[in-house]
Amino acid sequence: MAQQAADKYLYVDKNFINNPLAQADWAAKKLVWVPSDKSGFEPASLKEEVGEEAIVELVENGKKVKVNKDDIQKMNPPKFSKVEDMAELTCLNEASVLHNLKERYYSGLIYTYSGLFCVVINPYKNLPIYSEEIVEMYKGKKRHEMPPHIYAITDTAYRSMMQDREDQSILCTGESGAGKTENTKKVIQYLAYVASSHKSKKDQGELERQLLQANPILEAFGNAKTVKNDNSSRFGKFIRINFDVNGYIVGANIETYLLEKSRAIRQAKEERTFHIFYYLLSGAGEHLKTDLLLEPYNKYRFLSNGHVTIPGQQDKDMFQETMEAMRIMGIPEEEQMGLLRVISGVLQLGNIVFKKERNTDQASMPDNTAAQKVSHLLGINVTDFTRGILTPRIKVGRDYVQKAQTKEQADFAIEALAKATYERMFRWLVLRINKALDKTKRQGASFIGILDIAGFEIFDLNSFEQLCINYTNEKLQQLFNHTMFILEQEEYQREGIEWNFIDFGLDLQPCIDLIEKPAGPPGILALLDEECWFPKATDKSFVEKVMQEQGTHPKFQKPKQLKDKADFCIIHYAGKVDYKADEWLMKNMDPLNDNIATLLHQSSDKFVSELWKDVDRIIGLDQVAGMSETALPGAFKTRKGMFRTVGQLYKEQLAKLMATLRNTNPNFVRCIIPNHEKKAGKLDPHLVLDQLRCNGVLEGIRICRQGFPNRVVFQEFRQRYEILTPNSIPKGFMDGKQACVLMIKALELDSNLYRIGQSKVFFRAGVLAHLEEERDLKITDVIIGFQACCRGYLARKAFAKRQQQLTAMKVLQRNCAAYLKLRNWQWWRLFTKVKPLLQVSRQEEEMMAKEEELVKVREKQLAAENRLTEMETLQSQLMAEKLQLQEQLQAETELCAEAEELRARLTAKKQELEEICHDLEARVEEEEERCQHLQAEKKKMQQNIQELEEQLEEEESARQKLQLEKVTTEAKLKKLEEEQIILEDQNCKLAKEKKLLEDRIAEFTTNLTEEEEKSKSLAKLKNKHEAMITDLEERLRREEKQRQELEKTRRKLEGDSTDLSDQIAELQAQIAELKMQLAKKEEELQAALARVEEEAAQKNMALKKIRELESQISELQEDLESERASRNKAEKQKRDLGEELEALKTELEDTLDSTAAQQELRSKREQEVNILKKTLEEEAKTHEAQIQEMRQKHSQAVEELAEQLEQTKRVKANLEKAKQTLENERGELANEVKVLLQGKGDSEHKRKKVEAQLQELQVKFNEGERVRTELADKVTKLQVELDNVTGLLSQSDSKSSKLTKDFSALESQLQDTQELLQEENRQKLSLSTKLKQVEDEKNSFREQLEEEEEAKHNLEKQIATLHAQVADMKKKMEDSVGCLETAEEVKRKLQKDLEGLSQRHEEKVAAYDKLEKTKTRLQQELDDLLVDLDHQRQSACNLEKKQKKFDQLLAEEKTISAKYAEERDRAEAEAREKETKALSLARALEEAMEQKAELERLNKQFRTEMEDLMSSKDDVGKSVHELEKSKRALEQQVEEMKTQLEELEDELQATEDAKLRLEVNLQAMKAQFERDLQGRDEQSEEKKKQLVRQVREMEAELEDERKQRSMAVAARKKLEMDLKDLEAHIDSANKNRDEAIKQLRKLQAQMKDCMRELDDTRASREEILAQAKENEKKLKSMEAEMIQLQEELAAAERAKRQAQQERDELADEIANSSGKGALALEEKRRLEARIAQLEEELEEEQGNTELINDRLKKANLQIDQINTDLNLERSHAQKNENARQQLERQNKELKVKLQEMEGTVKSKYKASITALEAKIAQLEEQLDNETKERQAACKQVRRTEKKLKDVLLQVDDERRNAEQYKDQADKASTRLKQLKRQLEEAEEEAQRANASRRKLQRELEDATETADAMNREVSSLKNKLRRGDLPFVVPRRMARKGAGDGSDEEVDGKADGAEAKPAE
């Protein structure tokens, strides 16, 4: 059942894959993948293709959708569903990979191969696929033999390590929560099982057990619950498992990286600290809790979220498991307790609370209970500990100074100490584990490294730890990319293989450089180290430096979140991560209070002192010097060159790790997280897709498919696979490469499957696996042969032995026969009687000699024993000496090791100091060099400036020359253009367009004058805007002045408020003191309650006023804060307005260059400016009103505070007076008490001794009563005070809520106004951006005309000078407004043209993007098809060769086709005849196929018979020789049958091929007869006749073959009958044997059951006896208790009588002393109360006695019941003993029966074996005859096949040639048509291009002509202005003159150029 459950999660359901309905559905619907927002991709059927889009119907809902063709991805056939290796997919794309992973995940298949690596998806539940049975399944198996699993990856790594002697590494990578740690555990589990030196897997070795237990310990101390993962590794580890030459584990070593120690002191919401804290608090017993001073969860400050549980995990059980793991690891109990004490100490450190002293910033510790607990746990002095934290000694120069710490510094020191302690403990634990795992002395030959490091993390708040973790993951991903993509391809190129380098674009080096680059520009870690060197450096300065240095880096961004949440953003491979740089400098430096560190080093606890043994390497407070008074611990000054930062150490550690990984052969396991909710069975497709893209899964599969992932060195290839090609390599020396080439030729591998390099042979994926299978088969054959030889040798030896035995038996028989003859002979009898008598005398002598020898031997034995004892004593002495020496040696080695460690530390320290010195010297030199370099640069710059000035002058002169040259070149250009125009005028269509353009140019010339008027109006607008800007600037200045005044008043108020707060604090302290005094007085004096109540009322009033003062102060503070906020907002507004003003200026300058459409925008802007002015004025008014209100509030608050101060002073005076009166009253009451006490003393002397005792009791009772009443009074008073306080609080709360509402309303109003302003600003900015975009487009078009504008520069200057004159003249030209409108229309047309062009441009860009996408998609498809292309190339070459022949034939056939149309019918008739013959041949083939099937079935039967015969081998083993003989004969038979079967299969295959060929040929012949019936009648007839003959021959041969086969079938049937008889005999023998074995097993089972019952009875008897003993003990204890209770009862009764007597006496005394006065009355009351109490006690005693009696009764009942049970158990034990004796008897009888059965079975077997041997001999003879007959038949069949093949091949070739020729002709014609179309399109495009070019040229010419006309017009205007007579119709006339020349763009450019000058 367990195996079936496991198979469900390992193997794919084959029925699902081979479903024909799904295959048909896929083929019919044309299913594809379409993008989906919900599920990533969804299936759809392709319905129609329309251009670049396609219409698809969604499978899920049947909805039809239009999708871009580029977004559609191909779907794989259903047979590839849930494929185990994604490299096998035919269509490799994102959708297919995601679908495959999703299908497998939903089926419970979490492992999937992806080319060379494995993809794992976290199932979030336990699967039954990690048991020992599964490990055994995967052990030693090849990858392709088993389904994907982590065990398969581990096994391949282990096998390749053993085979290649190369170190391996298994890298589990992925995000946090993807399952890396769990897979690492499974890897270790597999290796511990497979590579264990102990072969009995149930009892594993100690080392393997320790290796498995290392993980739980490290997880307990280093793992924690996070948001993403319940068991997240908060440290990285690299587990190195060492193996010896034989592959056994000899040791292990664990390296850890970057423990997140800050988690020990604080955790995020819903997260836990390290597991061990919770394990300890839940699992510790009461005794342990008291020893470790443990408290509940909520009492610890360091457990931020209290007791957070993990679902499905019990912390209590986990604690026990962890402690058990430590025991297995060999950690002694002392060290375990030391660990637990440190953990408790860390928790207690969090409970130390510091407070700020009243008048100073110094910290104090009001309650030192937590400090006492810490010092007790860590073995240090409390006073030294508190002094070290509050006033540590710091080295200043040469002296030591005690410096008082602030509260913040003390808190920081405690947290740093807690973190350091936990980290050191963790490091010690890792070293201890390594010591346990490395204790073996065997040398490791190679190792497997397993990397489990924290996954990629993106939290809400990411800090320094997350940066280090993500940096590590970047490096690992880069290693993966480098090994998979770059190194792979580089090796191909090195080895000289034909390979085109593919760039997959997965280089992560830029991101790594951003983090780790040391210089040019420095990375983040380098900048962090640099900031740690600088004094007064803060986290803020570090962030600024990062922004400055890396701001332009492509992988670096400014965060989009608020500054509170993030400081900068890095684009990692897994996504963007926002980092918050809080306390990064401190985390990087990791400073510590060295006073406490030395204290811990000197601890009385050995464990703690060992943890802190390297105190000299700590960054202490003397190194972190000069803390500023106001700054927090983030602003320390560090002394240079005194430490190495955390970042540096981690970087070095990581570099070492990467170096070791590069030296190994990496095996990648890519872990994927399916969802963030930790739900089983849920998969988020987009999340998985992102991870697949980041991990480079698709690229990895692609390179695995395209490349050659398997490679073998030449020597190794030859050595390993030479067995497959035994005779291919000649004898003698041969080069490895040549040998490999010969071997590959012999193996007949396809050339596409391999490549031969310079030193290796490269194979495609799967080829080596195939070779390995063939090698295994070959080796099995060789071994079978070897076994046969061995068995033959053994059989021969056994035969020779039998022969010797036979001869010996003959000798014995001969001797026995002789004795039988002699025994009755009388002389022989006499001889036998006399001979012993002769030997008697000799025997006596021999006995004497023997006795003497015996004495000597005994003496020798005694001497030897003495020697032996001496030797043993000597040995024991030597052993003791040896042990002493060993101990001494161990001590010496330990001392040596410690000395070595010290030496290493000193040398390391020395090296560090030397490095620091060198660094400092180098820096000094660098600084000097920089200074020199800067000075030199300064000089160079000055020289450069001079040179540049000279160059500028030269360039100006050169520019003038160039302008002259330009004019000449333009003239030449004009000539060339004129020639072009003459050539192009031939086209009639273009002439019409030219006329239209000329008309437009005429219109433009008329509109030019109107444009000039517009420019003038724009200039006016500019002046207006400038005036407005100046006004706004003046207002801003006023605002700033007002703000400054407000700042001054605010500072004054802040100062007043601080003074008031100090006074209030003093008053509060005084009130607290008064409270204490009042409490004391209340305890001493009950009479003064009324006065105290009055004082309490006054106190409440004072408290009320104080609270009011506090609320007022808080209100003032809130007002101040709001004032600050408003000031900041005003400053922001000021900045925004300034930016807007600048934008407006730029816009005004730009508007002078714009057209009429932009005038509308200007008018809008003017309106917006007016609105802005209004809003600004309103805001200024509101702001002034607010400031006035604030001032009034402040003045009122100050007055109120002053009044309250006076009131508090008055209250204080009253309280002091009340205090004095109370003290007086106390004195008076004390006197009265003294008098009363004297009276009481007199009365006490008179009373008896009993009364004295009673009085003492009563005094005690009264004191208790008094205390109770006083407490009750106090409680009532406090309750009253509480009620008053709550009332006051509620009043103040209501007031504060009202104020907050008002304040929030005001704030909301302000925010609304600000939002309105911001929206307006946004709109303006958007408009300005749009304007700029339009202008940019305009400028891009103008760039074509820049050359002409430069030429006209001089003319424009002249125009600019005349603009002033022209402006005056234009006032008179207001009548020509109509022209403006026409110009505007023209401009609109131009804008439309521009928009059209821009749209075209955008369309082209979009089309380009689409083409790019299609290009990439096609590239991918092309890569996939390249493999198929190699196969197709050969056929293409053949087709090209035949193309030429076909062209010739085609020409001939066209001429003759008409002639042979008549003869078509005749050919068709002949074809029909041939078809009938072909059908008959097909029938014959079917019959042959049936015969083949029958033969196969027979073969299977023979195989089963063989197996049965093999299984029927005798268990006893006597007739092995005969059975082996029969087996060999049967094997020979089977081999012969196999050969015959293979021959028959070959024949059948040939016939099938012939059939197929005939069918194809017939169809080809039909087509051929239709096309080419050209003079080939005779040839066809002859061929036909030949074919008929051949068919007849074939038919005859087929008939012969059928006869022979029928004969063979008959013979086979005979054989089958014989075999069946044999089988029947064997079955009967087997049945007999099975029955005997079954009986034996039954008997054995019965015996076992009996033994079990016997054991059970014994155990139960022992248990009963133990219970009886326990019951007897309980009885005795109960009896003792009963006696004790009886004694107590008697004592209670005595006490009761005494109490009753006392009561009577007291009653009498009370009756006598009733008239004594007030004192007596009081005493009476007391006595009565005492009596009542005594009565209550009596009642209680009675109740107790009753309970005791009940218990006694119950105990007696229990005793009786126990006695009865005891008797029953004794009788039961007796019965069991009798049953046991009976079972032993039965057992003996069964054994006797068993021996008898075995004898009978052996005799039966011998008889059956002899019969079988005889039958086997007969069968062998029959088989020999049959084989001979079949060989003859096979020869005949082969001859006929050869003839048939030759004929069919001839026919086939002719048909194929004809078809190929026709296809090639069709293709050629289609190609020609396509080429023609392309030519036509190209010609059209050329014509369009020429037309556009002509248009532009014409426009250029028109522009130049209009410019000339404008110049002329300007000159004429000047002349007329001088004269003073200028008519109004000049512009229109000019327009008419300018008709026929100029263009749209030129006029626009001209106008722009004209208008640009005034804007300057």
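Using the three backbone atoms N, Cα and C, a Cβ is placed for every residue, glycine included.
Annotation source Swiss-Prot lists region 'Mediates interaction with LIMCH1' at 2-838. The predicted model assigns the region 'Mediates interaction with LIMCH1' (2-838) a mean pLDDT of 84.
Cβ-based neighbour count (10 Å, all protein chains) for K8 (N6-acetyllysine) stands at 15. Per Swiss-Prot, N6-acetyllysine is recorded for K8 (among others).
Residues or ranges marked as domain 'Myosin N-terminal SH3-like' in Swiss-Prot: 27-77. Taking DSSP states H, G and I as helix and E and B as strand, the domain 'Myosin N-terminal SH3-like' (27-77) has 6 helix, 30 strand, 15 coil.
In the three-state DSSP reading, G177 (ATP binding site) counts as coil. Summarising the annotation, Swiss-Prot assigns ATP binding site to G174, E175, S176, G177, A178, G179, K180, T181 and lists sequence analysis as the type of evidence.
What Swiss-Prot lists as N6-acetyllysine is K299 (among others). Cβ-based neighbour count (10 Å, all protein chains) for K299 (N6-acetyllysine) stands at 14.
Secondary structure from DSSP puts K435 (N6-acetyllysine) in a helix. K435 (N6-acetyllysine) counts 12 other C-beta atoms within 10 Å of its own C-beta, drawing on all protein chains shown. Look at Swiss-Prot and you will find K435 (among others) tagged as N6-acetyllysine.
Residues annotated as N6-acetyllysine in Swiss-Prot, with similarity to another entry given as evidence: K613 (among others). Within 10 Å of the C-beta of K613 (N6-acetyllysine) we count 13 further C-beta atoms, all protein chains included.
As annotated by Swiss-Prot, phosphoserine applies to S628 (among others).
Taken from Swiss-Prot, the feature region 'Actin-binding' applies to 654-676. Same-chain residues lying 6 or more positions outside the region 'Actin-binding' (654-676) and placing a CB less than 8 Å from one of its CB atoms are 101, 105, 114, 116-122, 124, 150, 153, 156-157, 160, 164, 166-180, 183, 228, 238, 255, 257, 449, 451, 455, 471-472, 475, 479-480, 483-484, 682-684, 687-688, 691-692, 695, 697.
Here Swiss-Prot flags 779-808 as domain 'IQ'. According to DSSP, the secondary structure content of the domain 'IQ' (779-808) in residues is 30 helix, 0 strand, 0 coil.
Positions annotated as N6-acetyllysine by Swiss-Prot, on the basis of a large-scale study or a structure entry: K1024 (among others). Mapped onto three states, the DSSP output places K1024 (N6-acetyllysine) in helix.
According to Swiss-Prot, the feature region 'Disordered' maps to 1035-1057 (among others).
Per Swiss-Prot, compositional bias 'Basic and acidic residues' is recorded for 1035-1055 (among others).
Sequence annotations record features per position, and here Swiss-Prot assigns phosphoserine to S1114 (among others) based on similarity to another entry. With a 10 A radius on its CB, S1114 (phosphoserine) counts 13 other CB atoms from all the protein chains.
The region 'Disordered' annotation in Swiss-Prot covers 1118-1137 (among others).
Positions annotated as compositional bias 'Basic and acidic residues' by Swiss-Prot: 1122-1137 (among others).
Candidate modified residues: K8, K435, K613, S1114. Nearest to K180 (ATP binding site) by Cα distance: K8. Nearest neighbour of T181 (ATP binding site) by Cα distance, taken over the modified residues K299, K435, K613, K1024, K1392: K435.
DSSP states for the compositional bias 'Basic and acidic residues' (1035-1055), grouped as helix (H, G, I), strand (E, B) and coil, give 21 helix, 0 strand, 0 coil. Look at S1114 (phosphoserine): DSSP puts it in a helix. Summarised by DSSP class, the composition of the compositional bias 'Basic and acidic residues' (1122-1137) is 16 helix, 0 strand, 0 coil.
The helix, strand and coil residue counts that DSSP assigns across the region 'Actin-binding' (654-676) are 10 helix, 8 strand, 5 coil.
Spatially, by CA atoms, the recorded positions K8, A178, K299 include one closest to K1392 (N6-acetyllysine), and that is A178. Its own atom aside, the Cβ of G177 (ATP binding site) has 24 Cβ atoms within 10 angstroms in the protein chains shown. Note: the Cα of S176 (ATP binding site) and the Cα of K8 (N6-acetyllysine) are spaced 28 Å from each other. Long-range Cβ neighbours of K1669 (N6-succinyllysine) (same chain, at least 6 residues apart, Cβ-Cβ under 8 Å): none. Most buried of the recorded positions K180, K1024, K1392, judged by other Cβ atoms within 10 Å, is K180. Listed in chain order, the residues near the ATP site other than G174, E175, S176, G177, A178, G179, K180, T181 are N122, N229, G455, C671, I673, each with its Cβ within 8 Å of the site Cβ centroid. When other Cβ atoms within 10 Å of the Cβ of T181 (ATP binding site) are tallied across all protein chains shown, the result is 23.
Neighbour list (A178 (ATP binding site), Cβ cut-off 8 Å, at least 6 residues apart, same chain): V120, N122, G455, C671, I672, I673. Neighbour list (G174 (ATP binding site), Cβ cut-off 8 Å, at least 6 residues apart, same chain): V120, K180, G455, F456, R670, C671, I672, I673, Q691, N695. Reported as a whole number, the C-alpha separation between K8 (N6-acetyllysine) and G179 (ATP binding site) equals 21 Å. Distances between the Cα of K613 (N6-acetyllysine) and those of the recorded positions E175, K1024, S1114 are shortest for E175.
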